[in-house]
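S.K.: The structure is given below, and queries will be raised subsequently.
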């Protein structure tokens, strides 16, 4: 099976391509490794598809941050870009075995229930999540042509994540033995999942050729920012003072996001074991320690 991964140079993309190639069951192409794919340019999309002729596509490429604060760009890349990709797939008759599109858990927004299941009505609160919600509607339009599964990952953690993200930033501060750290809302609760587990789950979904489903990638367990801080204190055996900075508190912050993994476990099997948050943090801490000692 020939698999094309869009967004192959990103955090999850790099890890996924590595895992799939390691399995030696697939011929794997990264759309940003072999050739750059501009999702906003239909000709660029078609060029990559014509050259790779994939049997299956994992669509990871997305814009998660806009430096110039222009929200239109989110929709051009995440929504219209997905339209360009899916239309080209049908026109060129590729990816006959299916497509797996990455959405985001952020589309749930603020809900009344503790565990967020796929059956809930999305209530996205920012343009990134809104653009992904629109993307899911685009996917529905093409499900009569291809088997397309949408995954909604919660907070993915692990090696290779940008240091500007919250947890890698905290890990780095503990490795450097900083005396203080500036944080925003300490009570925000998130469902953290290992990038290795995330990629393993994608591999299993591809292998099973799951079609036309929407599935959370989550553990069902939530940790607050303060709990992550406490775990890092234990791992590093270092105490640090927290200074809360209101500038780090997002106006659209969702207080709690914990996924319901029931549907995922129905596919994987109820005996599937997720990597613990402590184990993820320990690996990140040790790796950062090595990086800074070189």
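Each Cβ is built from the backbone N, Cα and C atoms, and glycine gets one as well.
Pulled these from Swiss-Prot:
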type     : residues                                               : note
ACT_SITE : 128                                                    : active site, proton acceptor
BINDING  : 11, 12, 38, 39, 60, 61, 62, 63, 64, 104, 128, 132, 154 : NAD(+) binding site
BINDING  : 104, 128, 155, 190                                     : substrate binding site
S.K.: Tell me the Cβ neighbour count for residue 38 (NAD(+) binding site), meaning other Cβ atoms within 10 Å of its Cβ, over all protein chains shown.
M.R.: 16
S.K.: Taking each of 38, 60, 64, 104, 154, 190 in turn, which of these binding-site residues have a Cα lying within 10 angstroms of the Cα of residue 128 (active site, proton acceptor)?
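M.R.: For residue 128 (active site, proton acceptor), the binding-site residues whose Cα atoms are within 10 Å come to 64, 104.
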S.K.: To the nearest whole angstrom, what is the C-alpha distance linking residue 60 (NAD(+) binding site) and residue 155 (substrate binding site)?
M.R.: 15
S.K.: Long-range neighbours only, meaning 6 or more apart in sequence with Cβ under 8 Å: which ones does residue 104 (substrate binding site) have?
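M.R.: Non-local contacts for residue 104 (substrate binding site): 128, 129, 132, 152, 153.
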S.K.: Suppose we draw a 10 Å sphere around the Cβ of residue 190 (substrate binding site). How many other Cβ atoms does it contain, all chains included?
M.R.: 23
S.K.: Would you list, in sequence order, the residues of this chain other than 104, 128, 155, 190 that have their CB within 8 A of the centroid of the site's CB atoms, where the site is the one recorded for substrate?
M.R.: 105, 106, 153, 154, 257
S.K.: Whole number in angstrom, please: the longest C-alpha to C-alpha distance across 11, 12, 38, 39, 60, 61, 62, 63, 64, 104, 128, 132, 154 for NAD(+).
M.R.: 26
S.K.: Restricting to the binding-site residues 11, 38, 154, which ones have a CA within 10 Å of the CA of residue 190 (substrate binding site)?
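M.R.: Those close enough are 154.
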